[in-house]
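Student: Annotations for this protein, taken from Swiss-Prot, read as follows:
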type	residues	note
DOMAIN	B:27-320	domain 'Protein kinase'
MOD_RES	B:37	phosphothreonine
MOD_RES	B:38	phosphotyrosine
ACT_SITE	B:160	active site, proton acceptor
MOD_RES	B:193	phosphothreonine
């Protein structure tokens, strides 16, 4: 995601929000906090080369399809990707496809609940487990356990800015026209 | 995670702290303080720093909700709110064995427990609500309104202001808002559930079934607490929603389109019968008290939520400007 960052404070119009600069400073500080961002080298280090960039990309594709199909809230996929990268930064995973789907789908479930409190009207833990391929009656427990494990790995720091946050922030003075919407979508 | 070497030429990642929650073993349990909606609360001490803390154990059931969204919401809000009159969530810890990397296989079904770690506070406001001096009351009210104003500026409604959710520390000098389990961010056009706020402190618009409400719901609760401080007993101790409304109307008058435009369109308006008298006589029960205090209570307990005073304006009221 490429976003113009040279948006220096004095030249930018401050239309309504007196806290704009503070908001941006906080977002940037959070972005660089090591406890709240993924390691840039987790594929080589934590995953020890077992996971390729291609595998990660296919996980993101799976997660994207899962959130689109269930019409999950805007920003869910970006937050789920952020959870996934941070989880994979500290937790070595096998190359077991079922397990990787569980990790990806759980990241989406957590992110969706974080972004939107009505998420459970759309999906629950049982549906998440089913999408991964689990069939047992108690399959939702697999998701619950993975959730706790993921939350612990993230140190419960869930609110860091994602690609979505920054695009929203930099385009906050755009109107709601078709063109603006398309531009935002392209940036996401 | 094992400290595997970064590939040659890569940045030194020594400063990359592998994130992760600490375990509850970092705390020594001292005693059980109470029972919250979401589980038990313990007083505990951080073994490393010696700092006291309140540990709230999160009940995790085996339902299909997974990790409770209410807790996710509370975490989200508390991370956003940083103010001296709002309880600080220091960290979240897990039971040993929950730590990442421990499980994952099909037969590994241990989910672990989760504890929210809050700064320790001595007691709640309920304990002092019926025996505080006028200067203490002013001190508590000012801090309560400051914390609430900060919430409202940040678009957060507390929605459950009551004695048990206001915590006191520092020898009775410091008040903090706690228990954001029901709190939520608001938007101007949002539609919410009306089953929030403990009955005695619940505002008339919620009792009449409004689902589109705003900051004023919290102010009503503050007004009830303020009045309770002076009277040394609850202002509207209703046992049912119906009785709660009668008690309110008895003192604040009966709502009509004149004093509250739009009230007749609220879902439950037609179910209420006017009681006599219907004239507002709230001030009559406070005739022996500081008139600035009564003025402010009067403006907090206005039936029409859009006319109720804001936290900001309340802090500018004569009551807070005049010396004791």
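Note: Cβ is positioned from N, Cα and C throughout, glycine not excepted.
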Student: Within the domain 'Protein kinase' (B:27-320), what mean pLDDT does the predicted structure show?
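Tutor: Computed over the domain 'Protein kinase' (B:27-320), the mean pLDDT is 88 on the 0 to 100 scale.
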Student: What is the Cβ neighbour count of residue B:160 (active site, proton acceptor) at a 10 Å cut-off, with all protein chains included?
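Tutor: Cβ-Cβ neighbours of residue B:160 (active site, proton acceptor) within 10 Å number 23.
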Student: What does DSSP say about residue B:160 (active site, proton acceptor): helix, strand or coil?
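Tutor: Once the DSSP labels are grouped into three classes, residue B:160 (active site, proton acceptor) ends up as coil.
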